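Below you'll find the structure, written out as structure tokens, and then a few comments.
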Amino acid sequence: MSLKKNQLRAILNSSLGKLADHIIDSQSISICKQVVELPEWKRCKNVCLYMNMPKKEVRTRCLIDVAFKEGKNVFIPKCIGSHVMEMYQVFEKTESLTINKWGIAEPNGESRKIMDDETDCELIIVPGVAFDEKLSRLGHGKGYYDNYISKYQSWALQKESRANMFKVGICLKEQILPNREIPMDTRDQKLDALVTPEKVIRNI
């Protein structure tokens, strides 16, 4: 993990922490409207979403509500160890979520998870601290999503018939670095698409 990444995180976390709730809410609604129009969203049966932090990132309640309304199976992450997470299924009327040390709701780990019983993840919605227009992502530095995506891809490759995971980042306008590339290393996963409040950027 380079100093440059840490510097970017510090700068972005400081500015994002100052964003008013109404700005985050407005941008989150715009992002939700674009995500649910993606062809990958429309055709997926299983979708991996995330429960947002109290501040600093796109709010996902709208996406979760739409996914349930459309009859999709919804999976959200639970951190189960150092740099390790799993995606567990949650249900519309669930009361089994707990709050972790980062203030994020997560499942209790007792339901079905992706890769159990050949369960595919066709679409994963990925948070982050910063993004660039070349579909690079800067996370929080723990490697949870990079490690999980790598593990899923290895599993899907072995199974051959399993669905490829389409990776969509969602970000506030303030999280985009328009004139700067995020430093990447061999473990970092590129996105397939990035949805901002104003546009969709795809890996063509």
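Note: Cβ is positioned from N, Cα and C throughout, glycine not excepted.
Quantities reported herein were computed from a predicted structural model and do not represent experimental measurements.
Quick look at what Swiss-Prot lists:
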BINDING   LYS5, ASN6, GLN7, LEU8, ARG9, GLY139, HIS140, GLY141, LYS142, GLY143, TYR144, TYR145, ASP146, ASP188  ATP binding site
BINDING   GLU57, TRP102, HIS140, GLY141, LYS142, GLY143, TYR144  substrate binding site
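Sequence features, as recorded in Swiss-Prot, placed on the structure.
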residue	record	DSSP class
LYS5	ATP binding site	helix
GLU57	substrate binding site	coil
TRP102	substrate binding site	coil
GLY141	substrate binding site	coil
ASP146	ATP binding site	helix
Span of GLU57, TRP102, HIS140, GLY141, LYS142, GLY143, TYR144 around substrate - largest C-alpha separation, Å: 17
LYS5 (ATP binding site) versus binding-site residues GLU57, TRP102, GLY141, GLY143 - nearest by Cα: GLY141
Length of the line joining the Cα atoms of HIS140 (ATP binding site) and GLU57 (substrate binding site), in Å: 12
For ASP146 (ATP binding site): intrachain residues, at least 6 apart, with Cβ closer than 8 Å: GLY139, ARG187, ASP188, GLN189
Which of GLY141, GLY143, all binding-site residues, has a Cβ with the fewest other Cβ atoms inside 10 Å: GLY141
Whole-number Å value for how far ARG9 (ATP binding site) lies from GLY141 (substrate binding site) (Cα to Cα): 9
Distance [Cα-Cα, Å, rounded] between GLU57 (substrate binding site) and ARG9 (ATP binding site): 13
Which same-chain residues, if any, lie at least 6 apart from TYR144 (ATP binding site) yet have Cβ under 8 Å of it: PRO77, CYS79, HIS83, VAL84, MET85
Cα distance (Å, whole number) from LYS142 (ATP binding site) to TRP102 (substrate binding site): 13
Between GLY143 (substrate binding site) and ARG9 (ATP binding site): CA-CA distance (Å): 14
Neighbour tally for LYS142 (ATP binding site), based on other Cβ positions within 10 Å of its Cβ: 14
